[in-house]
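Novice: Dumping what Swiss-Prot says about this protein:
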type: ACT_SITE; residues: Tyr31; note: active site, proton acceptor
type: ACT_SITE; residues: His109; note: active site, proton donor
type: BINDING; residues: Asn83, His89, Asp96, Ile110, Ser111, Arg120; note: substrate binding site
type: SITE; residues: Arg26; note: site 'Transition state stabilizer'
Amino acid sequence: MTTNAAPTKRSILLINGPNLNLLGTREPEKYGSETLSDIEENARRQCNELGFDFEGFQSNHEGVIVDRIHAARTDGTTAIIINAGAYTHTSVAIRDALTGVRVPFIEVHISNIHAREPFRHHSYLSDVAQGVIVGLGTLGYTAAIWSVVEKLKQGGFS
């Protein structure tokens with residue numbers, strides 16, 4: 001029996017939180033010289049080469065990030081990669097949104113949050129994330145995309 005069903009679309013959503021819109025000019029000694037646009041363009045290219053759609057999203061507002069995570073539940077998002085910025089250390093709301101939508105996610109940080117100020121050492125996301133990548137600079141985004149694709153090839157996240 002032949003079906004005409006469309007293939008399932010695979011899509012990666014990259015969420016960046018507060019102040020990450022300033023990448024390239026904000027503390028380049030910690031975050032490097034790449035802009036958010038550079039990161040998103042590299043991620044889009046990598047996703048497309050691997051057969052995935054890509055959406056980049058950035059907001060400085062916690063509720064807007066929560067709303068975008070909620071939308072991922074029904075918009076075809078296969079996986080989320082999130083750098084929640086400072087909200088990593090403060091936002092139970094973002095944690096609850098991520099666990100509530102049941103879309104697998106990987107937490108990424110450009111700098112090593114464990115080698116910085118003590119208040120940055122705790123993440124509200126790490127213990128519910130499928131993976132955490134810190135301290136690799138913007139290469140962490142590339143590693144996260146590769147990890148998502150490889151996990152899905154192996155049958156998905158458990």
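Cβ coordinates are placed from backbone N, Cα and C, and glycine is handled just like the others.
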Novice: Measure from the CA atom of Ile110 (substrate binding site) to the CA atom of Arg26 (site 'Transition state stabilizer') and give the result in Å, rounded to a whole number.
Specialist: 12
Novice: Would you find the one among the recorded positions Arg26, His89, His109, Arg120 whose Cβ has the most company, meaning other Cβ atoms within 10 Å?
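Specialist: Of Arg26, His89, His109, Arg120, the one with the most crowded Cβ is His109.
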Novice: Asn83, Ser111: which of these binding-site residues has the sparsest Cβ neighbourhood within 10 Å?
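Specialist: Ranked by other Cβ atoms within 10 Å, the binding-site residues Asn83, Ser111 bottom out at Ser111.
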Novice: Express the distance between the Cα positions of His89 (substrate binding site) and the residue listed as 'active site, proton donor' as a whole number of Å.
Specialist: 12
Novice: Using C-alpha atoms only, work out the spacing between Arg120 (substrate binding site) and the residue listed as 'active site, proton donor' and round it to an integer in Å.
Specialist: 11
Novice: Please tell me which one of the recorded positions listed here (Tyr31, Asn83, Asp96) sits closest to His109 (active site, proton donor), measuring Cα to Cα?
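Specialist: Smallest Cα separation from His109 (active site, proton donor) among Tyr31, Asn83, Asp96: Asn83.
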Novice: Looking at the binding-site residues Asn83, Asp96, Ser111, which has the shortest Cα distance to the residue listed as 'active site, proton acceptor'?
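Specialist: Nearest by Cα distance to the residue listed as 'active site, proton acceptor': Ser111.
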Novice: Identify which of the recorded positions Tyr31, Asp96, Ile110 has its Cβ surrounded by the largest number of other Cβ atoms within 10 Å, counting every protein chain shown.
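Specialist: In terms of Cβ crowding, the pick is Ile110.
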